[in-house]
Structure formats: structure tokens, C-alpha cells
């Protein structure tokens, strides 16, 4: 094939380059088998051309492809200096010989390996047996593959000449005169090869494989850490392939035309960048001066500003109520510009700040919310005193009646109003959180949205704790109220907090968002989604993400499971499904991936489930679990694709460049 032919010619030129300087100086050249055994070469055809005939270096060779495209290939420096580096190795080995290193295996237990029907038993220095096992018992005849005869002698000068054992780095023993073979009538025989395995541990001898290259002639490969101290059997350090870099070689006029085209494209790109930079200050100046675009989705600027102000006001004042203790439904508000102006007349300064505030990141949005909360708290009294003031201002006709009535009548009226408020309490909470979710939907990424939810949740908890403390003071200023009344009030506030937190954690369904746009009223319960079935192809891949945190010596293990509505979980499921479909893989059963890292400071709710680095590496982790080494194979396929594309390219005059025939080309 074309690539093999090109690589073979390059290797031939490489050997010629190694031999030629020695022959010119009167030396004797030789083919270095050790170099071919221990060095690996890889060819890289680069897309960047060079001007031909400019390099006079001795390590550059000229080759031509099947499409008549010429290349200048530079040999790696490791190939030139390989022999000199080998001569500068460590001094001769002074430790025990190979037979002495293996002698402890004589007293060790025999090694066993089961392959298909047969079980093989190797006893060092004695024999090799083959038999069938059932229920830990030998069934049938026991065959002898051979008895110990001899071992390879590393001190024999004749044996050294073969170089076979040294190149492949193994020690061998010969076993013969075994049971008679039914196929050829000769006794069975076997060769046992011992290789170093540094990862096997102490006494980690094992039979790696059993082969039968010829009838009744066997080869057993045994890996052991006992041979690793010997330099002749220690595996060489793994090294990346030595790259042979090949650049397309162009004629001077072709190369100058290529350089001119590159310069023109660079000038065009620089011109576009300059135009964008010139437009940048104009855009930002319009934003800072408060100039809004004319097209605002069919709505007037006053109306949009009113909506923004209402939304932020709802976020910062969730306890504000309308006259009579009832909240004004969203659909009953006057949507006209005049009504919007009158409704937002008080916080005009706040509204102007919103117009000129530039939100560049989720962190800016969070800081902005905190500023709004702080400013609102400074400009109004505490929550415990706010409601009576509003009632006094909005319902002046009821105040005389309350003053004239007795305290019991007043308490009854307040209880009736509280009951009316409770009916719309859940609906108002869902409406508030729904508006908040809808505003953030187009601003934040899924990961940033989760972090913002957790921070808003923590802020709500702090606010409601203050409410509970103030309520306790109002209910029992002198310590005379009953304990049951105080507990009942705290229970009601805690229930409200739990509802808000639960709604904050849940993600609204698309049907719920459409309801918001039409009526701006959220139903009490979203319709339950149909349970996925195993036959549904969309739900054949299910991912569960669980976070475990080990506490102190007196604390239990904290277990948190990611909700199905979390967008990050949907992203992970899509990633796994795409990977399985593309590679044609099946994950039978369950696959468990553990990511261990130091626990970040903060609460469990505030900490992120997966970091950005974990999400990026999850694909590679999952790929390597299903198919060990498959990720490297995918990278190699991509490299091979680029290599073929560069090899097919035929350089020529401007506009005359083309590619080779895709059908006849094959790597």
C-alpha cells in the first residue's frame, strides 16, 4: 500500500544514511538489528510546504508520492545518534545470573492456567501437564507436554550469536519426551519463555498464554518479576515513536505564490478585526447612555421597564400584599404604559440604575441582586412593621372600626384575613419563583443557574430566620405567650420556607413556561410526566449521579443524589448516549465511575456536583471503561485521517492544487 511503500523507502534511506558515512570514512557498515527492534518510527506528512533545494543537511532526504508530489523528509535525531547512546550505557551487570534468579520457582507451587477445555500445569524444572477439570477434580487422562531437558545458556558464545533472546528479552527452557501425539506419532514437546513483569509483585509468577504453533508442539509464556533486576531481560523504557517529518517540496515560483496567498488572507483577517474594534466603542457608548434598541419584541420601552421593575420588586419584597390581605393577581394589573408609570413612580432611581447596569457574567448578576436587596432594606422598615403601615395607608375606613371594637373581635377579623391569605399563598409563591426562573432561563448556563439557585436559597434562609426571630419577639414580647402558640407560628414559617426551597430546586416543565406567558398564573401541581419504559429508546440510557461526603469520626455519611430535572444530568446522559451510538458499544449492566477530590468548603447544597474539568473528562473516562485503549484508538484514527488528507494533496500553480483519487488510495 502507498503509506507502507513510502515508509519502507524512508527506512531504507535511513539505513543507507547510517551506512554511507561509515563507508566513506573507511569504516565497515552493518545492519543494526537492535535498533530496528527497540526503536519505533512514525511518518508525519505536514500541510506546511517548503521551498525545494534549500536544505543542505545530511539528515534530509527527498522522496516522491504516487501522485508525483515531492517531499523533503527529515530523519529524527534519535536515529542518527542511536549507536553512540548505546555505547554510553551503564557498566556491566554484577548481580546474580538468570538461573539463580529463577531458582526459587523450583520450591514454589506449580502454576495453573485454564484455557477453554484444558487446564495446563507448569512445575518449574520438572514437567508440564494438560488435563480437564470438573468440580475441582481431574476428569479423564492426564497428558504430559514434556519433561525438563535444558535451558538457554547466556554464557555460550554460539548462543550469543543468534541475538534472538536478547532482542526479544526472554529466557527459555526446553521440555520434551512428553505423551505420544495422536496426529503425528511423535512425543509432545514445549518451549517455556520467561519474561519480566514489573507489575506482578513479589511471587507474582503466572502463565500468561499457551500457544500451539504446530501439532503437539507448545509454547508457554510465563511472566515473573524475578528476572527484572537483570539488564538483559528488563524491558526497555517506553518511548514515543521517532517522527520522520515530511514537508511538501515546492518550486520557487510555486512557493512564492503560496506565501502571497497566505499574506493576502492574513491582511483580510486583520482588516475584519480592525472593523470590529472600531464598532466596539460605539456599541458600548450607546449602552452606557441608556439608548435602547427600537425593536423590543413589539412592546414599548416603558412597558418593558415596568415589567423589569415589577419583577425585581417581587424578588426583593415577597411578603408585600394588596389591600385586604389579598394579593393582586398578575392578570388583573393594568398593562397600559400610564399604569406602569404610576406603579413604578416611587422607585424611579432604582429603575434608572437597572437600565445602565451592564451584566457581563453570572457573578455580576449575583452581586447586582445583593446590592438591590441591601438598597431595599435600607429604604424601608423591617418586615414585622411593614404590613401594619400598608394596611393603615390603604384601608383607612377599616381603622376606626378596629379601634372601636374589642380586642377579641379584632383577633377574629385578623384570623379570617389570614385564612383568605393562605388560599393564595402557594399560588403567589409559585408565581414569584416562576418569574425568577423565566428571567434566568435565557441568561445563565445550566451550571451557573444551579450555583445561583443555591446562593439565592441561602439568602432566603437567612431572611426567613430573621422573620422567625422577629415573629417570636412580637408573639411573646414579655415571655407571657404560651409555648404552643410560638411553636405553631414557627411551624407555619418553616413550612413556607420548605415550599419555597422545593419550588426553587425544581425545574419548570415547558408546559409550565407556556402557562406563564399566557396567564402568568402557575397551576398548583404540574401534570406528572409519563414514566419511561424500557422499550422507549430515549430512556435506554439512564445516568445517576450521587455525591458522597464522609464526615468526621462522629458523623454519618452524607448522600445526595442529583435530581432528574438537573440540566447537567441531561447533558451527561446525552454525552453517554452519543458515545455508545457512535462507537456501536453496549453497556450491559451498570457502570460505576468514582471521582475522588478534596471537598470544597461550604454546604452540600452550595457545592457543585461536577466541576467543568470533570464534565470534560467524563467522556474519556467512560470511553476507557468500556473499551480499554479505545480513546487512543480514536485519536490515532483522527491522526490517520489527517495524514491521508495531506498525502492526497497535490501542490501546483495557484488554483491548480488538487487531491488524489480517493478510490484508488488506500493506507
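Each residue's number is its place along the chain shown, starting with 1.
Just so you know, glycine gets a Cβ as well, placed from its N, Cα and C.
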*Scan 245-281, 504-540, 541-577 against Swiss-Prot and say which stretch is down as region 'Disordered'.*
504-540
_Of the ranges 224-243, 464-483, 484-503, which one does Swiss-Prot flag as region 'Disordered'?_
464-483
*If you measure from the C-alpha of residue 188 (mannooligosaccharide derivative binding site), which of the recorded positions 110, 177, 181, 196, 216 fall inside 10 Å?*
177, 181, 216
*Looking only at 182, 212, which of these binding-site residues has the biggest number of Cβ atoms within 10 Å around its Cβ?*
212
_According to DSSP, does residue 196 (disulfide bond) sit in a helix, a strand, or coil?_
strand
*Can you tell which of 130, 177 has the least company, meaning the fewest other C-beta atoms within 10 angstroms of its C-beta, among these recorded positions?*
177
*Round to the nearest Å and give the CA-to-CA distance linking residue 118 (mannooligosaccharide derivative binding site) with residue 228 (disulfide bond).*
30
*asked:* For a quick check of understanding: given the listed mannooligosaccharide derivative-binding residues 117, 118, 130, 182, 188, 212, 218, what is the maximum Cα-Cα distance in angstrom, as an integer?
replied: 18
*List, in sequence order, the same-chain residues at least six positions removed whose CB sits under 8 Å from that of residue 228 (disulfide bond)?*
196, 197, 198, 234
*Least buried by Cβ count (within 10 Å) of the binding-site residues 117, 118*: 117
